[in-house]
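Report on one structure; see the data block that follows.
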Amino acid sequence: MAPLALVGVALLLGAPHCLGEATPTPSLPPPPANDSDASPGGCQGSYRCQPGVLLPVWEPDDPSLGDKAARAVVYFVAMVYMFLGLSIIADRFMASIEVITSKEKEITITKANGETSVGTVRIWNETVSNLTLMALGSSAPEILLSVIEVCGHNFQAGELGPGTIVGSAAFNMFVVIAVCVYVIPAGESRKIKHLRVFFVTASWSIFAYVWLYLILAVFSPGVVQVWEALLTLVFFPVCVVFAWMADKRLLFYKYVYKRYRTDPRSGIIIGAEGDPPKSIELDGTFVGTEVPGELGALGTGPAEARELDASRREVIQILKDLKQKHPDKDLEQLVGIAKYYALLHQQKSRAFYRIQATRLMTGAGNVLRRHAADAARRPGANDGAPDDEDDGASRIFFEPSLYHCLENCGSVLLSVACQGGEGNSTFYVDYRTEDGSAKAGSDYEYSEGTLVFKPGETQKELRIGIIDDDIFEEDEHFFVRLLNLRVGDAQGMFEPDGGGRPKGRLVAPLLATVTILDDDHAGIFSFQDRLLHVSECMGTVDVRVVRSSGARGTVRLPYRTVDGTARGGGVHYEDACGELEFGDDETMKTLQVKIVDDEEYEKKDNFFIELGQPQWLKRGISALLLNQGDGDRKLTAEEEEAQRIAEMGKPVLGENCRLEVIIEESYDFKNTVDKLIKKTNLALVIGTHSWREQFLEAVTVSAGDEEEDEDGSREERLPSCFDYVMHFLTVFWKVLFACLPPTEYCHGWACFGVCILVIGLLTALIGDLASHFGCTVGLKDSVNAVVFVALGTSIPDTFASKVAALQDQCADASIGNVTGSNAVNVFLGLGVAWSVAAVYWAVQGRPFEVRTGTLAFSVTLFTVFAFVGIAVLLYRRRPHIGGELGGPRGPKLATTALFLGLWFLYILFASLEAYCHIRGF
């Protein structure tokens with residue numbers, strides 16, 4: 001209502017002129033006949049409307065007072081409705097920009113041990129995207145309005161486009177910042193994190209309006225020359241380059257190589273400054289690159305290198321906190337909560353906050369809650385996937401495929417299984433033995449034959465004879481193979497081969513291995529391997545100790561753990577010390593060690609398990625021979641030979657008597673962290689993948705729940721009356737814009753291009769409606785632009801900044817982009833429009849004339865007030881306030897009142913100058 005009140009004041013001030021009771025100031029030149037406003041340089045508004053770019057004049061052009069009031073209401077309502085449509089199409093436009101700027105490329109990452117892996121690097125620099133596509137997305141209506149106004153009115157300068165740019169800049173600088181300062185909860189504050197970038201963009205914002213004043217009032221008053229217009233346009237890329245240099249610290253430091261850091265907002269690797277290397281090292285160093293002495297001595301990299309795992313640590317901490325908060329939930333449930341938590345707390349782009357604010361206003365619901373609900377309803381990628389092996393055929397195989405037996409056992413029994421299928425066929429499968437180190441005839445009996453599985457039978461056994469001898473020898477093995485499967489009917493009659501689906505097939509394991517253990521030795525004791533990799537989440541690891549080359553007698557085997565880089569005593573694992581007792585003919589024992597789960601993303605610590613000398617407890621004749629004799633009697637030759645043979649049979653340690661255990665990170669936990677990081681890419685949240693999804697969103701009403709709970713466990717709230725009203729007011733626009741290409745198509749560029757065209761069309765309509773509304777009520781275009789049009793184009797940005805101020809931990813997303821957008825509006829909005837017009841009139845041999853009075857005054861007024869506002873923001877960074885936003889109640893209210901007062905004064909002075917109550921330039 002404040003803008004309406006100010007306009008009312010302005011109308012009262014200019015009322016005598018509008019009613020024809022006064023004449024223009026004699027000292028001012030007469031207005032040109034072709035201007036839509038009868039007197040752009042004069043003092044009165046005009047009731048005579050001119051045709052717009054798209055809308056014709058509403059005939060008759062001299063209506064009665066009642067018709068004027070009705071027309072004004074129609075124009076105003078239509079303009080508000082167009083602003084709603086503009087907000088919704090800007091929502092789609094910003095979503096496409098988020099998808100474009102989130103594009104990534106792959107790089108090769110080389111670990112310190114030489115291993116390589118593939119990582120992702122964001123192509124767009126965050127600062128560059130904020131000043132280019134993001135600024136274009138939030139300021140597209142103002143920029144296109146200026147361009148369309150000039151091009152649609154025979155390349156003549158108007159007041160609506162430039163006035164909207166300056167008025168929007170004032171609204172953003174004063175009202176948006178005032179709202180952001182006020183909404184921060186008591187006792188909290190927000191600071192700008194990237195202060196260097198803010199300084200650069202703020203300086204360019206001030207310079208942009210100083211440059212406008214120089215063009216309009218100093219260099220060539222009343223005329224915009226070609227070089228001035230083109231230089232204004234060139235300042236845009238120069239501003240972007242300076243901001244990029246500030247972000248990379250190239251203005252202060254020199255870098256000779258490129259580093260990468262992990263962006264805490266999206267969890268992906270972002271390239272830093274310098275020349276790109278072919279590959280990078282995960283420890284912060286690079287292939288073919290020397291590390292500076294100080295960094296190499298400390299063993300740490302610079303700040304960017306130390307931030308490499310920042311986002312992963314955040315996700316890991318989230319999971320740990322959620323485990324403590326919800327001890328009764330399993331990992332899958334915790335992951336679902338963590339996904340929402342990570343989305344809620346990560347830093348977000350301005351595009352996201354703009355989209356979130358628009359959808360909350362139009363009854364489309366909370367973006368994050370909708371994404372979390374869709375993810376919960378969406379089945380897993382593997383759910384319901386058909387089993388390739390479940391094709392209706394019976395599967396025949398050995399179960400198990402490994403067998404051990406002593407050479408004195410006589411025979412070994414092997415099992416063959418038949419699983420699956422319909423169970424109404426007879427299967428014939430052949431088997432035969434094959435030599436390994438054991439030979440048929442000397443170590444085992446050669447065997448071959450046929451197994452018959454009748455309908456309903458699921459298991460068959462076959463027996464192989466083992467040959468015993470009295471010769472001490474190493475363990476030996478042989479094989480048994482399944483082959484030549486035939487299928488019969490239920491009565492056992494063979495069926496002819498058909499071209500249909502097979503009823504049975506042989507599957508792995510088709511080969512069984514039988515190991516024959518020598519029974520003439522107490523055994524050789526060792527671990528199965530020298531190295532064992534375990535995950536820290538295992539809890540307890542089972543380590544097998546095998547007894548080979550014999551299993552005679554009872555043997556006690558001591559063992560103990562020894563620290564390596566991993567520490568016992570409950571730090572990384574629990575110490576283990578004890579004895580394993582192998583009974584007669586027992587060939588395997590298991591010892592257990594408890595592993596401590598630290599929930600680390602990357603881990604590689606080791607410890608050792610050592611076996612002690614085996615002790616022979618219950619012995620046979622060999623033990624008696626070993627103990628035979630005393631120190632006084634010399635053994636006979638026969639006794640010495642017997643003792644030598646017995647010595648060969650005593651238990652000993654094998655080659656693998658020391659096992660290295662390497663504790664690694666949990667792969668499930670690591671994959672969970674990676675999935676959480678991947679899922680929090682905001683392009684996946686706000687983008688669309690199909691027209692079906694877009695139309696479903698368009699016709700669905702959702703609750704506009706702006707406040708977020710920590711874990712998303714709150715029950716979903718029903719839409720309010722306001723949500724339903726806003727949905728039905730905007731459902732036409734939602735369904736219409738659902739016809740646009742989804743943001744996923746062509747990496748967002750298809751939606752981007754179509755949105756530009758639609759925004760241009762709506763902007764042209766808004767410009768015509770605003771001009772016709774102004775001429776209907778006698779309101780000058782310059783006042784109409786700084787109040788109604790600027791307000792309509794800036795309302796979504798206000799809500800977006802409010803949401804960003806509340807949810808972000810810093811002030812960059814809420815106010816840090818305001819200054820950048822203001823500079824971009826001038827350099828692009830006026831630079832493009834004036835460059836086209838100046839070149840056009842230069843070709844015609846005539847100058848491009850711009851009426852300087854109102855615009856130059858507004859620019860000067862805004863520049864002075866902007867200096868005051870930026871100075872206040874910088875002062876608020878002092879410790880007793882804490883930051884640009886929020887702070888103690890007194891300074892917060894004072895800052896809010898000051899910024900709102902500056903905006904009211906700007907509107908008031910601009911209106912007074914437009915109606916000649918105060919003199920401008």
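A Cβ is built for glycine as well, from the same backbone N, Cα and C atoms used for every other residue.
When Asn424, Asn817 are compared with the annotations in Swiss-Prot, the one labelled N-linked glycosylation site turns out to be Asn817. According to the topological domains annotated in Swiss-Prot, Thr127 and Leu160 fall on opposite sides of the membrane. Binding of Ca(2+) 5 is attributed by Swiss-Prot to Glu536, Asp598, Glu600, and the same site annotation extends, among Glu457, Glu461, Glu665, to Glu665. Tertiary neighbourhood of the topological domain 'Extracellular' (876-892): same-chain residues 180-182, 184-186, 188-192, 805, 811, 814-815, selected by CB-CB distance under 8 Å and a gap of 6+ residues from either end. In the shown protein chains, 22 other C-beta atoms lie within 10 A of the C-beta of Glu536 (Ca(2+) 5 binding site).
Within 10 Å of its Cβ, the residue among the binding-site residues Glu476, Asp598 with the fewest other Cβ atoms is Asp598. Long-range Cβ proximity for Glu600 (Ca(2+) 5 binding site), meaning a same-chain Cβ under 8 A and a gap of 6 or more residues, is found for Ile316, Glu536, Glu665. Beyond its flanks by at least six residues, the topological domain 'Extracellular' (792-822) meets 79-80, 83, 86-87, 90, 130-131, 134-135, 138-139, 141-142, 164, 168-169, 171-173, 175-177, 179-180, 183-184, 190-194, 197-198, 201-202, 204-205, 208-209, 243, 344, 347-350, 353-354, 356-358, 360-361, 706, 708, 766, 870, 873, 883-885 of its own chain at Cβ-Cβ distances under 8 Å. Looking at Asp443, Glu599, Glu665, the binding-site residues in this record, the fewest other C-beta atoms within 10 angstroms of the C-beta turn up around Glu599.
In this structure, the C-alpha atom of Asp598 (Ca(2+) 5 binding site) lies 43 angstrom from that of Glu476 (Ca(2+) 4 binding site).
Residues 127, 180, 246-247, 249, 251, 805, 808-812, 814-816, 877, 881-887, 889 of the same chain, all 6+ positions outside the topological domain 'Cytoplasmic' (186-196), place their C-beta atoms under 8 angstroms from a C-beta of that stretch. Secondary structure of the topological domain 'Cytoplasmic' (910-921), assigned with DSSP and counted as helix (H, G, I), strand (E, B) and coil, comes to 5 helix, 0 strand, 7 coil.
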